[in-house]
Amino acid sequence: RGEGQLLENFYANSCPNLESIVRQEVSTKFTQTFVTIPATLRLFFHDCFVEGCDASVLISSSSGDAEKDAKDNLSLAGDGFDTVIKAKQAVETQCPAVVSCADILALAAREVVVLAGGPTWEVELGRRDGLISQASRVTGNLPEPEFNLDQLNTLFARNNLTQLDMIALSGAHTLGFSHCDRFSSRIYSSPIDSTLDSSYAQQLMDACPQNVDPSIAINMDPETPRTFDNVYYQNLIGGKGLFSSDQVLNTHPDSEPTVSDFATNPGNFNAAFITAMRKLGRVGVKTGNEGEIRIDCTTFNS
């Protein structure tokens, strides 16, 4: 099965051990740091929404103008990049110049969800790596923490993702952390954001004083930050969405029923998340003769 030219068994003959190699490398990295999980998942999302799922976010530039250098990508944790680079190096030893960095990132994103206790799914493969990585092309292509429902839906629709897909993918915020400056306006405005639970707001103020070091980060899910589960949606119902773009999913009448469903039915959330991740993995893919198979994920071949 596949979409367009992507196929689940794309490397069945050319690199039959691909999935086990990636799984092993991701597991090893995870034993070194939990950050591997949210960092890799977020990296996949940030890659796919700019130029499509083509590993363009992995490119390093000596002049500091690659995709990863854009303001919205500066907070991407290095452990996500390292996970994909190490997995690619391991794959290269067995299947040289065969598997794209884009496919390795897609597989790694699944593996980290599984490691955190989430569902598994078949990953469609056959992407090629993109030939463009520019910081200037990131602006306006990633969701911002203050987005309202219309802005979220518009951005996701540009990538063939529905409101249901968007709400399911937002559930990835059950893992990982954010820096204080991404939500400080909610707790230090006057009056304070009324959609925030008051005790949670105080908790955020304690963790993020007004002139806090910008590198300080806090968990996006205050209840189960290391487990892939549906507690994110339960938090929204309790007024504990970290970003206003999270909380709006529960306060807007168009999206609230889905939040309520996912909060009470983890199976429905997992199924919707799998569907959304497979659709996300098809965004803007390069196949056939497009792009290249990068040898080093951080640099173009030529």
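Glycine residues also receive a Cβ, built from the backbone N, Cα and C atoms like all the rest.
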Disulfide partner of Cys15 per TrEMBL: which of Cys95, Cys101, Cys180?
Cys95
I want to verify the bond table. Which candidate from Cys53, Cys101, Cys180 sits on the other end of the disulfide that TrEMBL records for Cys297?
Cys101
TrEMBL annotation, disulfide partner of Cys53 among Cys48, Cys180:
Cys48
Which chain-mates of Cys180 (disulfide bond) that are at least 6 residues away have a CB under 8 A from its CB, listed by sequence?
Ala207, Cys208, Val212, Pro214, Ile216, Ala217, Ile218
Specify the count of other C-beta atoms within 10 Å of the C-beta of Cys297 (disulfide bond).
24
Pro143 (substrate binding site) and Cys101 (disulfide bond), Cα-Cα, nearest whole angstrom:
24
Provide the number of Cβ atoms within 10 Å of the Cβ of Pro143 (substrate binding site), excluding the reference atom itself.
18
